[in-house]
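A.B. asks: One structure follows; several queries about it will come next.
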Amino acid sequence: MADGYPGPVNPPLPARLARLSRHQVALVSAALFWGGSATFTKSALDAVPPLTLLVIQLASATAVLWAVLLIRGPRRPPGRKWVVRLGLLGLLEPALAYAFFTFGLTRTTASNASLLTGLESFFAIGMACLFLREKLTGRACAALVLALAGVATLEGLGSGFAPHPGDGLVLAGVVCAASYVMLAARTAEHVDALTMTAYQFSSGLLFTLPFAVTRWASGAESLPTDASAGAWAAAALSGVVGYAASFLLYNYAIKAVRATTAAMVLNLIPVFGVACAVVLLGERLTGAALAGAVLIVGAVVVFSTTEGDATPEDAEKPLSGDGAAVPTGRSAGQQ
């Protein structure tokens, strides 16, 4: 190179893995909590109807988030523009996404739902490339295909796909969740993660309550007054771990990690879910599940360490006076 400076160096994979930033660690931790919460959700569903469980989970998550927000102390509240955007976040996910998933599952097979929900990261990555103008290398595209194969293998979906009426609802939930990734990536640049998540879940709870009240009034679901203390604890814990903690970590990470990388890591959720089921519930690990997990982990590692991803130094964005991240790099060019 001119002036005696060496060209860009692409370090070996182990060196790049060792440089994971705290934002990337938070992202993987969010996937761990999402996947692990399925164990508590499965236990709670034995005694609590689906939409009622969602309300309990959202209420417990919202209560914990606001308690932490009050303990941390007041900061300048988001302006009207951002309150509306935070409300839209809550509407997209968890409200609409989980409502579509819940009702879609009653009209389709578990295998169809697993395959369709596994497409969330692919929709999100496509939206990031289209709307956020993020670019993928050929290596990243290959990793994306590998991850899809891993999800299909992990879920045991080799027998084919037969359409069912509920598939459209599940797919609508997937689109809502993928849209959330896009909106969250832009919002996290201006609102701190704790405030963002607390407002998001408050609106999500408000949007979900009318659906729940309608089902309670129609008799489609009933309040679990006879549920055991263990079922209530499992329901609340799944809300705190699988909702509050997971989304807080994700919203923290996405302000510094590329949206495509954040979406790709979502593929780790079923891997962690299977691992927790094996360890905590004693479920048997099949060879197909193990092979699928290996494919997914390998794909995520390859995707996340491609030269197109932001470096740890890029992830440390300066802060403005009100604690909001100042857009830099790719984000600044889109303002």
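Glycine too: its Cβ is placed from the backbone N, Cα and C atoms.
Automated prediction, rather than curation, is the source of TrEMBL annotations.
Heads up, here are the entries from TrEMBL:
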- 26-152: domain 'EamA' (DOMAIN)
- 165-304: domain 'EamA' (DOMAIN)
- 310-335: region 'Disordered' (REGION)
- 51-71: transmembrane segment (TRANSMEM)
- 83-101: transmembrane segment (TRANSMEM)
- 113-133: transmembrane segment (TRANSMEM)
- 140-162: transmembrane segment (TRANSMEM)
- 168-185: transmembrane segment (TRANSMEM)
- 197-217: transmembrane segment (TRANSMEM)
- 229-250: transmembrane segment (TRANSMEM)
- 262-281: transmembrane segment (TRANSMEM)
- 287-305: transmembrane segment (TRANSMEM)
A.B. asks: Cβ pairs under 8 Å with the transmembrane segment (113-133): which stretch of 51-71, 83-101, 197-217, 262-281, 287-305 has the most?
C.D. replies: 262-281
A.B. asks: Can you work out the mean pLDDT of the predicted model over the domain 'EamA' (165-304)?
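C.D. replies: 91, rounded to a whole number.
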A.B. asks: Relative to the transmembrane segment (51-71), which of 83-101, 168-185, 287-305 accounts for the most Cβ pairs at distances under 8 Å?
C.D. replies: 83-101
A.B. asks: Let me spell it out: take the transmembrane segment (287-305), skip the flanking residues so only those 6+ beyond its ends count, and list any with a Cβ under 8 Å from a Cβ in it.
C.D. replies: 13, 16-17, 24, 139-140, 142-144, 146-147, 149-156, 158, 260-261, 264-265, 267-268, 270-271, 274-275
A.B. asks: With helix taken as DSSP H, G or I, strand as E or B and everything else coil, how many residues of the domain 'EamA' (165-304) land in each class?
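C.D. replies: Grouping H, G, I as helix and E, B as strand yields 111 helix, 0 strand, 29 coil.
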A.B. asks: Any residues 6+ beyond the ends of the transmembrane segment (229-250) with a Cβ under 8 Å from its own?
C.D. replies: 26-27, 29-31, 33-34, 36-38, 40-41, 43-44, 46-48, 53, 56-62, 64-65, 94, 184, 193-194, 197, 200-201, 262
